[in-house]
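Structure first, then comments.
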Amino acid sequence: MDHQVSLPQSTTTGLSFKVHRQQRELVTPAKPTPRELKPLSDIDDQQGLRFQIPVIFFYRPNLSSDLDPVQVIKKALADALVYYYPFAGRLRELSNRKLAVDCTGEGVLFIEAEADVALAELEEADALLPPFPFLEELLFDVEGSSDVLNTPLLLVQVTRLKCCGFIFALRFNHTMTDGAGLSLFLKSLCELACGLHAPSVPPVWNRHLLTVSASEARVTHTHREYDDQVGIDVVATGHPLVSRSFFFRAEEISAIRKLLPPDLHNTSFEALSSFLWRCRTIALNPDPNTEMRLTCIINSRSKLRNPPLEPGYYGNVFVIPAAIATARDLIEKPLEFALRLIQETKSSVTEDYVRSVTALMATRGRPMFVASGNYIISDLRHFDLGKIDFGPWGKPVYGGTAKAGIALFPGVSFYVPFKNKKGETGTVVAISLPVRAMETFVAELNGVLNVSKG
């Protein structure tokens, strides 16, 4: 199957190339695996995680190696599924909307492809950052595979480039794992590709540790992130959306910090998130009394002590507390106001908070988080996705999420580490907004940063 890909003139140099895909196939575990039904946790199967997320990795050629990345990854995938065998199964919905993996061993979808383009051409065209205009060709959406239930839990496509580099793209069912869990799986995949006989960190299921019966559930905190939905999402209002990536070096983070009191300790996540939240609110121009939310996706593994989770636990272990303020306050008050809200929200997460979320899911039917007026940020910089190394080709030029927004929620951004063509390191943030709002957002962002730098 040959497909012509043309990159938009607005974001690239007009580069176009063809992708030839082989027939899709199912990769099954290399050895027999248990046939069993494994329930997900109460964190896993909430409504807000019932979608699939694409990630993508670009690798430079190694002309001194004659290994074929397609075959290396395909074999490693079959080997990895012996240890991560639930990924080779299919998701079923039980009573009370409880999800469970039917470990059938049917396998994961795998596509082999070739593209008549070199990595250097993509790099020159600034096409190695999300949103990737050619994503649908490098991670083909196999018909019927994008549902959550009764479909393969992983979709993998490996595309050889004419320079002998390659692109590794993967789509995963979010109910099965989070960023930390995906990193564990991919590291295991790399270890097996490089000759190890077993993952150095054995995978652990143990989803019962984050599951509670409705009769024993005790909601001990207020969880405004799961308020009943009210109002209309100011982003998803039917207006055409445009996505764009922004690159923040240490220089930009320092410029943002000049807007804050010098004695106010803060992390780069807090400084950048407060700044983006404020700029985004200005760009969307909502009614001044509209409640605006900044949802922090917080990895909670370190919070759990009774009992602690084993290092190989690869299920979802995050909570999504929301900082909430009116649009008027976000826009009119100093940036310190937004930053302190974020700090307070982060500090509210304790082990009891995590247990309270599991109880809420069990008693309220696994509700959806609030989408209206919500900006969701997930920091992937600590998950080592930029270190996914299959051997001769080294670390990826880019490794991380493939688009701004997720599923039906455009108001989501991921922080991804990146080194640009100049060798400068920083954080890439992809943002999706209506066209007019994006223009305002860019003007506000640049205006504030330029003044602060000056």
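Yeah, the Cβs are placed from backbone N, Cα and C, and that goes for glycine too.
Annotation comment: Swiss-Prot describes HIS174, ASP389 as active site, proton acceptor, evidence class sequence analysis.
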Measuring Cα to Cα, how far is ASP389 (active site, proton acceptor) from HIS174 (active site, proton acceptor) in Å?
23
Other than its own, how many Cβ atoms are within 10 Å of the Cβ belonging to ASP389 (active site, proton acceptor)?
20
Distant-in-sequence Cβ neighbours of HIS174 (active site, proton acceptor), under 8 Å, six or more positions away:
LEU49, ARG50, PHE51, GLN52, ILE53, ASN316, ILE406
